[in-house]
Every structure is written in C-alpha cells, then in structure tokens.
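Below is one structure, written out as structure tokens, with a few remarks after it.
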Amino acid sequence: MYLGVLLGGISREREISIRSGKRIAQALRNMGHVVDEIDVDDNFIYKLSELKKYDALFNILHGTFGEDGKMQAILDSIGIPYTGSGVETSVIAFDKYLCNLFVENTIERYEELSVVKIPNFLLISSEEFEESKIYMIEEKIGLPCVVKPRKEGSSIGTHICFSKEELLDALKNEFKNYDEMIVQEYIKGKEITVSVIDINGTPTVLPILELRPKKLFYDYEAKYTDGMTEFIIPAELDGETTEKINHAVLKIYKSLGCKHFSRIDGIVKDGVFYFLEVNTLPGMTELSDLPMSANAFGISFDELVDLIIKEACRKL
C-alpha cells in the first residue's frame, strides 16, 4: 500500500512523535509498503490536499491537535482511513477529567469492573484558584497528591506533592501553561500499563507491563531515557488479579470505543486496579510500552505496525 505517516505536530510531545513516526515508517517499509513521512507542522494546512493520494494514514501524533479529536475530524472529512480511535473517543480519552467521569459511569454499570477504582480527584481552574483553597484541596484529596494538566500527555506537567507548599508551587507553575489542572489522590502501589490491539477486528489484551522507574514515578524522563525504568513483563501479579484487570481493561477499551491500539495505565494496590488514564495514540519508540507488550505476545515491531495499518483499512 501507499501510506503516509503523520508525525511531529505542534504539541510539547513533538519530538517523541517524530521518534515514533520515523520508526513506524521504516517498519512499514520493511513490510513492503511505500511510505511518506508527513510532518504536521505550521504549514500542514497546505499539505491537506495531498492526503487523498494515500491508501491510509498512520497517525502517531501525540498531544494537542493530533490526539484530541481535531486531526481525526479532519481525516474523517477527507474520507481517508487512519489508525487509532475516532473523534468522540479521542476527545474523551485526551481529557483526563472527562475520561475519569466516563470510567466512573462505566464502573457503575458493569460487574466485571468491580476491581477498578478511580483515585479521588478535583478539577481546579486557574480563574477560580486562590491560595486559600489549598486547605480545601488537602481536606478533600489529602497529601501526598498528584497534580497534572487536564489535557496533556507523557506525564508533562505532572507533579507528586507531599506538602501544601509543594502543592501550591505546582499549581502556580503549571497555571502559567494550562488553564485547568487535576489534583488527584496519590496511590502507592505497582505501576502497570495494559495494552490492547485489534487482531482481525477483535480487541486483544497484551501481557501486562509493570513499570519500576528509578525516579519517584514514571515521568517524561523515565519514559524516554534508556536505563531510567525497569520493565517487568508479565507484571508480578497473581493469576486472579491479572485476569480481573484484563477483563476490566477490555471492557473500558470497548465501552470507550477505542480502535486499533490503545494503552490503559493504572496502579495496583491490594488487588485493586486504580485507573489513571487511557492513551489512544501510545508512543512507539524503542523504549515505548506497547511494542514491549506486543513483543512478549510474539508480535515483532514490524508485524505490529503492519497489523495496525491493516486494521485501519478494515473499516473500508
């Protein structure tokens, strides 16, 4: 097939997208496809008319514009097959507040999600924030707590705060970059990520990956710097817990309407899976989680990207 790989973008994850995109493009070439790398930069509007020439597009943009439903809406209007979830799913998954509400509602409706909980959370707006509200946040969420942007990826802008002073500093600093922040209960346990891919139209859960970062948590540096994280696959969980988490993740994936490939992150503590987020366009670098899980499942990187692009074309 004649394929285009959408990479780069205008978000703070641009460099990671380029790393992922170039690796994907080479893998697709290895599988016999003709591939162009399309940099989604400030001049992308002038490239739109050329997109129809491709049989399909592999979208590996991260963050704003690429992962939040905007690019998906553009590609839908053009009518070209693309990898990843559609507009509605992308909008919800990229918005951590909306996604928490969605998963909360899903937990209430399905018995197999009884293993899942969502850490307590608050949405804080820069317009409404006052220093005096720190005490209210501490009372409702407790310390330590996690501060993260409502809409962002790769743990950019994320802090773990152990005191009111750290919480105040984190909010003040991040409100320079974001209008809204989430303050969430900190759960200390096994940090895991569960990848799901579609195989012949059937969502399939890959082996659970346990993350043991050398830093306090799996932040941007730990994700993309070699040697900063120990990866355990399969995760060191008992069989019953593993089975329950797999069923729960599959239900979340299907209920949200995820397509082709996604990753669901969380913390396991005392047999409970504390949901953190859904990533509908997970990284595909040499250090990324989903390719590791696929490899443990017996799928090479070249086979993985070939499978994903072919799944995207199934909807024709």
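Numbering starts at 1 and runs along the chain as displayed.
Cβ atoms here come from the backbone N, Cα and C positions, even for glycine.
Record features (Swiss-Prot):
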DOMAIN    108-310  domain 'ATP-grasp'
BINDING   138-193  ATP binding site
BINDING   D265, E277  Mg(2+) 1 binding site
BINDING   E277, N279  Mg(2+) 2 binding site
Please list, in sequence order, the residues in the chain of E277 (Mg(2+) 1 binding site) that are at least six apart in sequence and whose C-beta is under 8 Å away from its C-beta.
A93, K96, C99, I264, D265
Would you identify which of the binding-site residues C145, H159, N173 has the most other C-beta atoms lying within 10 angstroms of its C-beta?
C145
Which state, by DSSP, holds E152 (ATP binding site): helix, strand or coil?
coil
Sequence-distant neighbours of I187 (ATP binding site) in its chain (C-beta under 8 A, six or more apart):
P119, I267, K269, Y274
So what's the mean pLDDT when you look at the domain 'ATP-grasp' (108-310)?
92
Whole-number answer please: how many Å between the C-alpha atoms of E166 (ATP binding site) and N279 (Mg(2+) 2 binding site)?
27
